[in-house]
Amino acid sequence: MKTLPLAVPHMSQDEAEEVFGWILDGEASEEEIARFLLAMTERSETADEIAGAARALRDRLIPVEAPEGAVDCCGTGGDGHHTLNVSTAVSLVVAAAGVPVAKHGNRAASSKSGAADTLEALGLDMEAVGRTAEKTLAEIGICFLFAKNHHPAMGRIQPIRQRLGKRTIFNLMGPLSNPAGVKRQLIGIARPGYVPIYAEAKAKLGTERTYIVSGDEGLDELSLAGGNELADVCGNEFEMRRVYAEMIGLPHAPVEAIRGGDAAHNAMALKALLEGTPGPYRDAVVFNAAATLMAAGAVEDWEVGAAMAVESLDSGKANELLGKWIEMAV
């Protein structure tokens, strides 16, 4: 067994990769891992540490094949707002608009309902979803890459994360370790001031284009409630900008307007959204879908992306896609 450092000093990329290799391989005790993760959270992780830890996770994942141009849309979680599942809905909207989506996600660690919980409540068999991931991605343009199926080492970590009940570096590592190796993403993080650091970590790992976003309220997605930080990461560089829902004609709405509940509640809201229910949840999904389509290179203008997302919903394509997915994932 390895002994993790008590003081948790700042680490280089290589050092972080080595230490998180120990953690993922079960070479440290649960008590040491919990203490180590909390200490890192309290002092804030550096870009080198996030990139190195993500490299360790990537080295141990079980990959899947994905078509060229596949994207992912996910949040780090841990924002404490317990909103409805925006990125899950965005994945269906974007895929129905013609961009393949390799959605990477997990069950809730510190929230009430993660992507896997909500999809299961919608009628998807999680075991079948994993078994048919490459098939559904190739044939209907969407799959769900359940973290536990592709990151076996995370099985040892999940109980620790659930016991801690708060955000850790593992929230940050997951979106950087998509098993389909997507080169384009929308990633939401829960700390707006941390966007440049996370963008630097993503730039160290490389990407064709990734948008790192955070709502000013600490929301791990683009928010309707105010301003949003956005880092546009291309290759190994990034630039920062501010974006607002109003710039594409979407109305302001408080975070409380998209407050969620348990998996059954969130699944019901998502189904209603796909069936045409208007309101702040739909607006939040359109805003984030527009950003995902921009990052994917499918559109070059936010308003065009929003219109594409609206068409995906209003035409019934996103709802039809969910039905096909449920039928295929058996």
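Cβ coordinates are placed from backbone N, Cα and C, and glycine is handled just like the others.
Taking the Cβ of ASN106 (anthranilate 1 binding site) as reference, residues of its chain lying under 8 Å away and at least six apart in sequence are, in sequence order, GLY114, ALA115, ALA116, PHE146, ALA147, LYS148, MET154, GLN158, GLY174. Secondary structure at ASN106 (anthranilate 1 binding site), taken from DSSP and collapsed to helix, strand or coil, is coil. What Swiss-Prot records for GLY75, ASN106 is anthranilate 1 binding site.
Feature annotation from Swiss-Prot assigns 5-phospho-alpha-D-ribose 1-diphosphate binding site to GLY75, 78-79, THR83, 85-88, 103-111, ALA115. Shown in sequence order, VAL86, SER87, PRO175, ILE187, GLY188, ILE189, ALA190, ASP220, GLU221 are the residues of the chain, 6+ apart in sequence, with a C-beta less than 8 angstroms from the C-beta of GLY75 (anthranilate 1 binding site).
A simple way to gauge crowding: the CB of SER87 (5-phospho-alpha-D-ribose 1-diphosphate binding site) has 25 other CB atoms within 10 angstroms, across all the protein chains here. Swiss-Prot lists SER87, GLU221 with the feature Mg(2+) 1 binding site.
In this structure, ARG161 (anthranilate 2 binding site) is part of a helix by DSSP. The anthranilate 2 binding site annotation in Swiss-Prot covers ARG161 and rests on sequence analysis.
In the shown protein chains, 28 other C-beta atoms lie within 10 A of the C-beta of ASP220 (Mg(2+) 2 binding site). Residues annotated as Mg(2+) 2 binding site in Swiss-Prot: ASP220, GLU221.
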I need the CA-to-CA distance for ARG161 (anthranilate 2 binding site) versus ARG107 (5-phospho-alpha-D-ribose 1-diphosphate binding site), whole Å please.
11
Counting other Cβ atoms within 10 Å of each Cβ, which of the binding-site residues HIS104, ARG107, ARG161 scores lowest?
ARG107
Let me spell it out: for each of the binding-site residues (THR83, GLU221), count the other Cβ atoms within 10 Å of that residue's Cβ, using every protein chain shown. Which one has the most?
GLU221
